[in-house]
Structures are given as structure tokens and as C-alpha cells.
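*Asks:* Before anything else, here's the structure in question.
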Amino acid sequence: MTVTYSSQVANARLGSFSRLLLCWRGSIYKLLYGEFLIFLLCYYIIRFIYRMALTDEQQVIFEKLTLYCDSYIQLIPISFVLGFYVTLVVTRWWNQYENLPWPDRLMNLVSCFVEGKDEQGRLLRRTLMRYANLGNVLILRSISAAVYKRFPSPQHLVKAGFMTPSEHKHLEKLSLPHNSFWMPWVWFANLSTKAWIGGRIRDPVLLQSLLDEMNTLRTQCGHLYAYDWISVPLVYTQVVTVAVYSFFLACLVGRQFLNPAKAYPGHEMDLVVPLFTFLQFFFYAGWLKVAEQLINPFGEDDDDFETNWIVDRSLQVSLLAVDEMHQDLPPMERDMYWNDPEPHPPYTAASAQSRRPSFFGSTFNISLGKEDMEFQPEEEEEAHTGILGHFLGLQSSDHQPPRTNSKTKLLWPKKEGHFHEGHPKNLRGARLDSSDQEDSKAWREGGFKSAALCGRPGYHSAPQTPLGHTPMVFPPEESAPLGLRRVSGIDEAAKDQSLQPATPSIKKSFELLPESAEASAEPLQGSHVRRKTVEFNLADLSEAPEHLKEPNLEPPMGIHAIIKDHRDPYWALENRDEAHS
């Protein structure tokens, strides 16, 4: 019953789709001609009454009614309502098609997994596929009028060969107040397990694959049953139907051509045939007819599913696959391209024009000059970056140092002191002895290994999140250098001195670090995991000894001048430790 026109529209040529308008079976004309004739008849009856049967006063009242209907008829959202409704119906229609039970995959597994060319093996395979076809027929008989007319009772299924008399009696014995389409699938599962126990199915993995495919078909049958049970909500269908028919009932009055002598706006001409009104009826009413035909594709319309053909085809191919084709293979022979590494199947004269070379990619035919294909030295990459590259920030790694701050600087190697205006910026590193320098080098290497890849020197990436005021944790396999052990081992006397009020200048120098740094380190000290920590308590420090102070080489410029001098707190703490020791 399905109207197939795929071959007629295989090639997009002049008139390929226009020829489809001449088809009658499954066409919109066949569905709509009755309603269209009724609409034409009603329109011309109202026109005849307006022109011939009404008095002048009655004509004036009718003309006012016509203008009123014509002005408010566009307020009905017919396109909006029809669009959503038809989309819902078409989606539902296609989902029902996708859930039609095809036994092809199941019959392949049965023919492959259930072994034995004897009478018992043949009986086992045919019975399994007959159960599968019986389950399909029972569900199609429940939802399709065409299949029900073919098998109106279980006795007809027995006479058709889908069921044996003993199986029919078994079904009647297990009669329930529910649809029994699921019973053959239970028989299939039990018989498959029996075949595995009897050695007809070698491995439980094969049995599991067979049952999975069986459950897939059972699920599809359940979906068809649910689609037949749960329809599109009735209120939605009623709203769409009322919207369409009320629109065209208003058109019967509002689209009448009035007397041109009375000079009504928009009624200067008196056309006998309202062409665009008829086209509008054809489009909107035809749109509704599409939804009416697709809402249940298991009927007997021209475009409904061929359910009886599906029943015949499924039984024929499934029994053939598991019986005559079981282990019936053609002999293996060498193909005609056995010694040909590049086989070229021949073309006929009609298909020679469709022969095409292989596609290698859109850039395959691009040609470059010899100079453009030469690699550039690294020192010339920056010069050839171009305006766009400079605009996007494409710079060489040698010209863009990584971003650091006063806290991540602890993990970086110390550089030599820079000079500004003839005065050294930092003279503290020069005063360290050789042992302290070795300790600081070992500590920096340990910090480098414990740092993430993005935090190591030479790694250029986006700015990272600033480090919090938490104690630095060294990995268990790494040990802190000697200098830092002195820092963590400050005696109680030094701690008491650090808690005393410091001078205002020292307070300003370390005002960047809050006093909550000590509180954040307390939970880690009570942890059961052994960790080596270094606590930088820079909140309140006692004044350094005189021999460790730096000479004041720059005029005081307030707190901002002190902040700009990024002094390493590691050196300050180590010198402080030596002073107390």
C-alpha cells in the first residue's frame, strides 16, 4: 500500500517533481476532493443568497458581517497550530516505522550459534524462528487492521502455520486479561537456554548474544504496542481540527466579493472565483489531511505500512536462513583480482561517465615556490611573524619572559644583581657564604621538581592563579636544604622576639602578607601525614642586626618604593636565622 516514487525523483531534472502532481493513488487530491467540493458548494450558495435573495437592508447587514469576518480572520493562528501538530505526527510516524520488527539479525545468529545438521538441530532452529515470527504476527494483529482481517482468530494462525495445535492449547491454558504477544518470546528464551544446556550452543557468551537480539525485537514489539495505546492527546487533535475548520467557515462569509458600486475598501472588483481563497483551503486543509493519514500508519490507506507483506517476507526468509542455508556454503575460490594489488572493476558504456579519480584533499593541487618551501632559521622567525602575528601577540620565547610574582619567584633560579643608575639593587646575595649558596641551590632544585610544569622556568603559558598563603609542602622523597632546616628550627626565644612590636619601617616593609598566614598553616601541623614544611611568617619580624642591614642607597619614597623592591623573603629569613644563632 506504500506509494513509492524514488525512481522518478532520482535525478533532479526539469519536470521530475511536476510529474508527481499527476499521480492519483496516495495523492492529496484523493484525500481532499470531498471537502473541497463541499467548500465550493457552500461558498457559491452564500454568494447566490447575497446577490439574489437578500433585500437592501439585509445586504447592508451582510456586508458589515463580511467586513468584520475578513478583518478578524487572520487572528486565528492556523499556521502555528498546524506546523507543530504535523511535525509531531510525522516524528511519531517515523518512530513507528523504525520499530517494525525485522528478524534478519536474529535469524543470522540462530543459524550461526545453534549447531547440528541432524533432525533435532533443524527442528530447534526452525522452532526458534517460528516463535519469533509468531510474536511479530501477534503484535501486528493487535495494531494493524489489515493483519487482523487476515488472521481474525488464533485458529487462523494455526491454519497458517505460525502455531501448532499444542501451542494453541498452551496459550489458551495460560490465558490472561492482557495481550499475549509476549508469550512466544518467553518460549524463545527458554528454548534457547535448553539448547545451550543440551550442547547445541557452545558458549554462554553466544547464548547471551542471542538473547540480547531477541530482547531487541521484543522491545520493538512493545514500542508498537505502546504507540497504538498512547495516541496524540485528543485535546491537541481537537484544537487543530477546530482551528482549521473554523478558519474556513469564516472564509465562506469574509471572502465574499461585495458590490463594487458601494466602494468598500478592497472590493473594487467582483470576481466570481476566489482563486487565492481556494488555494488557501487546498494548502491548509491538505496540511491537516497529511496529519490525519500519518497519525496511524497501520491502517489501510494508500501510504500506510505494508504489514501483510512484512509478515510474509519475515517468515519466508527466516525459515530459509536457518534451515536450507545452515552450513550451506559455496566453495572458496580465488577471486579474479588475486594477483592484482589494485583491482579495477569494469564500467559499462552507460556508466562510463560516472568514473571519477580519487579525491586526495582540497590542498592537494596547491603549488609553492622553492623559496616558500625552505625552513626559516629561528632568529628570523620573529622578523617574519608579520603584522597579524604582532597584533595577535605571537612572539618568540626568547623575547617574552614568563610572568612571575613575589611568591612564585621562590621557585625560580636567582639571577645576578642588576644595576640602576649606577647603584646595585640587591647586595644581599653577595654576602652569602659558599655553604649557604649550596644550600639555596639545592633548595631551588627541590622546589623546581615539586612545582607543576607550567610553573617551571622556560615554560610560557597564560597567567596562573596567585599562590595562597599556605605553607610550602616538599615532596616526601625530597629533603629541605640545611638553610631551611634552620628556618623551621627557630628557637622559642626568637619566636618570642618576632611577636614583639617592630619598628614602623619594618612593619611597612612586610605589610603585604596578612597575619592569617600562621592560622592557615595550623591544620597541616596536626596532620598524621609526615610532611616537611617551611613557614614564612613575614607578618611581624624583629629588626635585623646592624651587620646584616643593607646600605640605604636610594632616597625613601614611601611604602610603594619598598614594595617595588622584590626582595626574596628566603634570604631575609636565612640571614635572620644566622643572626639569632
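Cβ coordinates come from backbone N, Cα and C, glycine included.
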*Asks:* Is it true that Swiss-Prot lists L271 and S362 in the same topological domain, i.e. on one side of the membrane?
*Replies:* no
*Asks:* Under a Cβ pair cut-off of under 8 Å, which of the recorded stretches 61-82, 238-255, 275-288 contacts the transmembrane segment (32-51) most often?
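*Replies:* It is 275-288 that shares the most Cβ pairs under 8 Å with the transmembrane segment (32-51).
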*Asks:* Including all protein chains shown, what's the count of other C-beta atoms within 10 A of the C-beta of N296 (Ca(2+) binding site)?
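*Replies:* Summing over all protein chains shown, N296 (Ca(2+) binding site) has 20 other Cβ atoms within 10 Å.
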*Asks:* For the topological domain 'Extracellular' (52-60), how many residues does DSSP put in helix, in strand and in coil?
*Replies:* 7 helix, 0 strand, 2 coil
*Asks:* Can you work out which residues elsewhere in the same chain, 6+ from the ends of the topological domain 'Cytoplasmic' (1-31), have a Cβ less than 8 Å from its Cβ atoms?
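*Replies:* Same-chain residues near the topological domain 'Cytoplasmic' (1-31) but 6 or more away: 146, 282, 286, 289-290, 292-293, 300-306.
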*Asks:* So which residues does the topological domain 'Extracellular' (52-60) touch in its own chain, when a touch means Cβ under 8 Å and the partner is 6 or more beyond its ends?
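*Replies:* For the topological domain 'Extracellular' (52-60), the far contacts come to 259.
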*Asks:* Determine which residues of the chain contact the topological domain 'Extracellular' (256-274) at the Cβ level, with the cut-off under 8 Å and only residues 6 or more beyond its ends counted.
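*Replies:* For the topological domain 'Extracellular' (256-274), the list is 43, 46-47, 50, 59, 63, 66-67, 70.
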*Asks:* Based on DSSP, name the secondary structure state of D301 (Ca(2+) binding site): helix, strand or coil.
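*Replies:* Where D301 (Ca(2+) binding site) sits, the three-state DSSP reduction gives coil.
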